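Notes follow the structure.
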Ligand SMILES: O=C(O)C1=C[C@@H](OP(=O)(O)O)[C@@H](O)[C@H](O)C1
Ligand SMILES: C=C(OP(=O)(O)O)C(=O)O
């Protein structure tokens, strides 16, 4: 795909598709509930469709109409043995959280994914699950496909997480629902807490105390209606575009504002961004509101420590904001980027460098010297949706044309990325 330089700014209102993390979890808990769960504003992105596929393969009836999803819950113990290997596609969230659930079923299962997923570590869930008494086997000790066999029982367990990860936490919470005693997870920093909130919403016995989360064996729970807020990780791309382009003013309505996800707002404010939150409210235990962003002069900052889990998926687009900021931005403590859909430290640095950015990788992040200038180049997404969307915007701000090798990957989290951008683009 060829991207031409944008000549104007961004003005107007938009909504973004439903939150990916919450959409995944709505299928998981809706399937395990008794009776119907109706989900509105579900993200019809490929990752969430993979989760739907996995539950359908385990006998759950799931009807999709537009962005509405009706799940006919089979109950806590009602999943059926899949006839084939479950396919998590490109989705780390699907394969990791599902592993915790599959570990507690009375049937053997196998779950696999695409070429990118097959390179992502599964030992981070297999090791603690096996310590709890599960029987999970990874390929070459570490990777998908994984095989999970039934066991007699899942034991009480306390796990101190070496790295903040909502996928690992959620996986263990899933297993904890079926366990014989308390499962306690201690987080180094608080990662996104959508699982905890959704468990509370469904009446599952979960307890949160600071960085510690505890779960007891769950009982039957009933289906509920779920309204999925807009995905702040998708909104982040438009927020940065509006910050960079002078004269812009956009309003993004109905975005999830869960404090474990709003690091992008904090980072942009600290960089000098002009951002206001309006119309804040709570929908099924999740905060939601509207975000107003105006074009502004950005400055470089240091980004590290406990904000990292709150911006983990936003770092590629924050890197682009840093290119258009005055001064240097240093991102540290972000080693986790190396095990996403691609190594996002290397990919961001290599591709933005091709466009003339002054960006240097380091072991746990990158250093970006703001130059406010990019030149069109031939760049690669590595099949990573967040790289695709970041490079598309980088191309719009670059002099000359930018050629992106594979833009299809953006369908993983925002199939309407360009359509939404066009609604606010001023020429
Ligand atoms: O639980 C989730 O929904 C997610 C957790 C994060 O991964 P980690 O748990 O690996 O940090 C994030 O990067 C991913 O996009 C979604
Ligand atoms: C890392 C991501 O997703 P997942 O881990 O679910 O593949 C992402 O969406 O940026």
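Using N, Cα and C of the backbone, Cβ positions are placed for all residues, glycine too.
Any TrEMBL annotation is an automated prediction that lacks curation.
According to TrEMBL, the residue from 56, 120, 197, 310 that belongs to the phosphoenolpyruvate site alongside 20, 92, 167, 344, 386 is 120.
Inclusion criterion for the binding-site residues 21, 167, 313: a C-alpha placed within 10 angstroms of the C-alpha of residue 386 (phosphoenolpyruvate binding site); this criterion is met by 313. On the backbone, the CA of residue 167 (3-phosphoshikimate binding site) and the CA of residue 344 (phosphoenolpyruvate binding site) stand 18 Å apart. Long-range C-beta contacts of residue 120 (phosphoenolpyruvate binding site), restricted to its own chain and to partners at least six residues apart, with a cutoff below 8 Å, comprise 92, 113, 143, 144, 339, 340. In this structure, 21 are the binding-site residues from 21, 120, 344, 386 whose C-beta falls under 6 Å of some atom of ligand 1. Ligand 2 lies within reach of 92 from the binding-site residues 25, 92, 165, judged by a C-beta closer than 6 angstroms to any of its atoms. Ranking the binding-site residues 21, 165, 167 by how many Cβ atoms sit within 10 Å of each one's Cβ puts 21 at the top. Separating the Cα atoms of residue 25 (3-phosphoshikimate binding site) and residue 344 (phosphoenolpyruvate binding site) is a whole-number distance of 25 Å.
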